[in-house]
Every structure is written in structure tokens, then in C-alpha cells.
Amino acid sequence: MSINICRDNHDPFYRYKMPPIQAKVEGRGNGIKTAVLNVADISHALNRPAPYIVKYFGFELGAQTSISVDKDRYLVNGVHEPAKLQDVLDGFINKFVLCGSCKNPETEIIITKDNDLVRDCKACGKRTPMDLRHKLSSFILKNPPDSVSGSKKKKKAATASANVRGGGLSISDIAQGKSQNAPSDGTGSSTPQHHDEDEDELSRQIKAAASTLEDIEVKDDEWAVDMSEEAIRARAKELEVNSELTQLDEYGEWILEQAGEDKENLPSDVELYKKAAELDVLNDPKIGCVLAQCLFDEDIVNEIAEHNAFFTKILVTPEYEKNFMGGIERFLGLEHKDLIPLLPKILVQLYNNDIISEEEIMRFGTKSSKKFVPKEVSKKVRRAAKPFITWLETAESDDDEEDDE
């Protein structure tokens with residue numbers, strides 16, 4: 001038996017089908033859960049990763065979920081009838097599968113260079129945006145599909161230089177229109193390739209400025225750079241102190257100046273992002289620490305969700321998350337000690353909105369550090385996280401017991 005992917009479509013010749021949801025209730029008491037048995041089949045029919053579907057159930061039903069792709073086991077806490085889950089799945093299909101123009105399900109999720117989500121329709125050719133305010137959008141941005149087309153996201157390169165702005169090319173390469181993936185002509189040179197859609201703003205600005213300059217002949221034998229380990233460390237330290245720190249300080253001061261003492265005039269998320277790009281601090285993980293200290297006041301628990309989409313766009317790696325949590329630690333331990341008891345609620349918001357990963361929250365709550373605050377302050381703050389950490393550990397142990405059965 002199969003049903004229409006778009007259940008509102010009653011055309012007898014409608015050819016897009018999927019299996020109906022199959023589910024069964026497991027356990028009893030506080031540990032009762034609903035196992036969704038055929039998520040993999042539904043995932044295949046919708047061309048969407050199975051975790052997206054289960055996470056959507058969790059967000060819409062207000063329930064915790066357990067996802068084990070390897071074991072093909074997907075659980076949603078609580079009792080949920082298949083009919084109810086099918087209705088919730090309709091919402092997922094409308095928001096994250098069907099084309100916003102022709103309502104055809106032949107779409108792929110595209111993550112653009114600006115970290116926006118769009119549905120690329122293979123039927124009508126249109127691209128329609130998805131709602132970034134939905135919690136699942138944050139999850140998708142942090143866990144992109146295996147094959148992301150359109151934005152042509154590349155896997156992390158093996159060298160650090162390949163992951164910086166400009167694709168690891170020198171300024172002169174960018175000015176000459178060379179691309180990181182430009183084919184070689186056999187002489188070591190590359191053929192210019194123009195990808196205006198993927199090219200970042202900084203590269204375009206460099207090209208525009210460089211096009212007005214005369215060619216300069218560089219003779220390799222006229223100068224040399226000391227590449228000893230000591231010299232590299234010295235230069236790195238000097239750059240960090242004189243450039244990065246200054247730019248981050250300027251960014252933090254700008255936020256506080258714009259917001260005012262009561263923070264009623266806090267810049268919008270768009271303005272915050274544009275200013276960070278202008279000061280070139282988006283690639284510095286320490287921006288997370290600055291944001292955590294500058295954006296919040298006594299109402300931090302409610303304010304976190306207001307910036308959900310922005311944080312998802314900024315906190316793109318564990319290092320960014322670690323710095324953000326360090327900023328939270330400074331905010332509570334040094335500036336608002338009276339708010340330390342609210343830390344479990346703060347962690348709930350960060351966890352439920354997929355801003356900070358479970359791994360980073362566990363690390364933060366179980367090990368003190370003197371990186372951001374004095375050791376004693378760190379212990380006091382992180383000790384307050386214990387109720388939430390205990391809940392996380394209990395949830396994990398319950399899932400393990402279910403798997404053993």
C-alpha cells in the first residue's frame with residue numbers, strides 16, 4: 001500500500017507515492033517511546049535524510065528523539081499514533097519537500113553561499129526558499145545533505161590555506177581571475193574560470209582593486225621570509241594581538257554602542273552579520289565569545305531563541321561553539337553572577353534550538369577550564385549545569401537500554 005506524497009492532491013494519475021507511516025509504542029512509564037519503523041523507506045521516497053524527518057517530529061511534538069541511522073532505529077519520546085505522525089509529516093513535506101511554486105516533490109535542498117536554504121525543483125526549474133526560522137532549518141544547516149548541489153559545497157581541504165577566503169589562492173591569483181579548481185595547462189598555470197555566483201564579496205573587491213594596478217614583476221631571489229618555527233610563531237602572535245583582537249574588540253564595542261545601556265536598540269541579526277563581514281571577523285571562532293557577552297541581558301533565556309538563525313549561521317564548527325560557551329561563562333561568572341542558577345534553562349534553549357551540539361554541552365558541563373575565566377569561577381558556573389547534564393546522561397542511558405532489549 002502506498003499514499004500520495006502530497007495528500008491534498010486527489011488526481012488519480014498522481015505518480016509520486018510513499019509508504020504510510022508505521023509506528024509502535026515501546027516501553028512504559030516515564031520511559032515510553034514511539035518507534036517509527038519505516039523512516040528509511042519514507043526518507044527514500046521523499047529524497048530527504050531520515051534524521052531530518054525524525055528531528056521534525058521532535059520539534060513539532062515537543063519531544064526528544066533518538067536517531068540511530070546505522071541500526072535503522074528512530075524513536076520519539078511519548079505515545080504518538082501513526083495517524084498523528086502522518087499529519088505531522090504532511091507539514092514536513094509542505095515546508096521542506098514540495099516546490100513552493102508547482103507543488104512538485106522532485107526537489108533537492110540547496111544551501112547557498114549565504115547559508116540560506118532553498119528547494120531546487122527539477123520539474124519547473126524554480127528555486128523557492130525555506131523558512132530559516134524553523135528549528136529544523138538550523139539542524140539542516142549544521143547537518144547538510146550528503147550531496148549538496150547548487151552551492152557546490154566542498155569538503156574541508158587537507159590544507160589550512162585551502163579553507164580561507166579566496167579558496168587558498170594568493171591575492172595576485174584572485175586578481176588574475178584564477179580559480180582554485182581551474183584546470184592546469186601543463187605549464188603550471190591555471191585557466192581563469194569565473195563563478196560569480198559562488199565567488200565571495202571579498203574576492204570581488206580584491207579583483208576590482210587589483211584591476212587598476214600595474215603588473216609588478218616579482219623576483220624570487222631578491223627577498224626571503226624566515227620560515228623557522230620561532231619566526232612563524234612570533235608573526236602569528238603579532239598578527240593576533242595587532243589585528244584579530246583589535247577587530248573583535250571593535251566589533252564588540254560597536255554592538256554595545258548601538259544597543260545602549262538597556263540594550264533596547266540592539267542591531268538586527270542582519271546588521272550584526274554585515275558588520276562582522278565588514279570587519280572580517282566571521283572566520284575567527286572568537287567571534288562566538290564576543291557575541292555571547294554583548295547580545296544578552298537578564299532575559300538571556302528568552303533572547304537565545306530570538307537569534308537562533310543568526311547563531312546557526314555564525315557557529316559553524318566546534319571551535320566556534322566552544323568560544324560561544326566561553327562567552328556565556330564570562331557573561332554569567334564575571335558580569336551576572338545572579339543569573340548563574342539559570343544556566344540549565346540556558347542550556348535547554350541552546351540544545352533545543354540546535355545552536356550548540358550535545359557533545360559541546362557535555363564537555364562544558366563536566367570539565368572546568370581557566371581559558372575564559374579564573375578556575376574557581378569556571379567551577380562555580382559549570383557546577384550549575386549539573387541538572388541538565390544529568391538529564392542528558394539519563395536520556396542517553398535510556399536509549400542504550402532500549403537498544404540492548
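In case you wondered, yes, glycine gets a Cβ from its N, Cα and C as well.
The structure displayed is predicted, hence computed values, not measured ones.
For reference, Swiss-Prot has these:
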BINDING   Gly27, Arg28, Gly29, Asn30, Gly31, Ile32, Lys33, Thr34  GTP binding site
REGION    143-202  region 'Disordered'
MOD_RES   Ser170  phosphoserine
MOD_RES   Ser172  phosphoserine
COMPBIAS  177-192  compositional bias 'Polar residues'
MOD_RES   Thr191  phosphothreonine
MOD_RES   Ser228  phosphoserine
DOMAIN    241-402  domain 'W2'
MOD_RES   Thr317  phosphothreonine
MOD_RES   Ser397  phosphoserine
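Ile32 (GTP binding site) sits 34 Å from Thr317 (phosphothreonine), taking the Cα positions as reference.
The two recorded residues Thr317 (phosphothreonine) and Asn30 (GTP binding site) have their Cα atoms spaced 34 Å from each other. Confidence over the domain 'W2' (241-402), given as mean pLDDT on the 0 to 100 scale, stands at 87.
Those residues of the chain, other than Gly27, Arg28, Gly29, Asn30, Gly31, Ile32, Lys33, Thr34, with a C-beta within 8 angstroms of the mean position of the GTP site C-beta atoms are Val25, Glu26, Asn77, Gly78. Reduced to three states, the DSSP call for Asn30 (GTP binding site) is helix. Each of the binding-site residues Gly29, Gly31 was scored by the number of other CB atoms within 10 A of its CB, and the lowest score belongs to Gly29.
The highest number of surrounding Cβ atoms within 10 Å, among the binding-site residues Arg28, Lys33, is found at Lys33. The C-beta environment of Thr34 (GTP binding site), restricted to residues of the same chain at least 6 apart in sequence and closer than 8 Å, consists of Ala23, Lys24, Val25, Glu26, Leu75, Val76, Asn77, Gly78, Val79, His80, Leu85.
Of all Cβ atoms in the shown protein chains, 12 besides its own fall within 10 Å of the Cβ of Thr317 (phosphothreonine). A coil conformation is recorded for Thr317 (phosphothreonine) in the three-state DSSP classification, outside any helix or strand.
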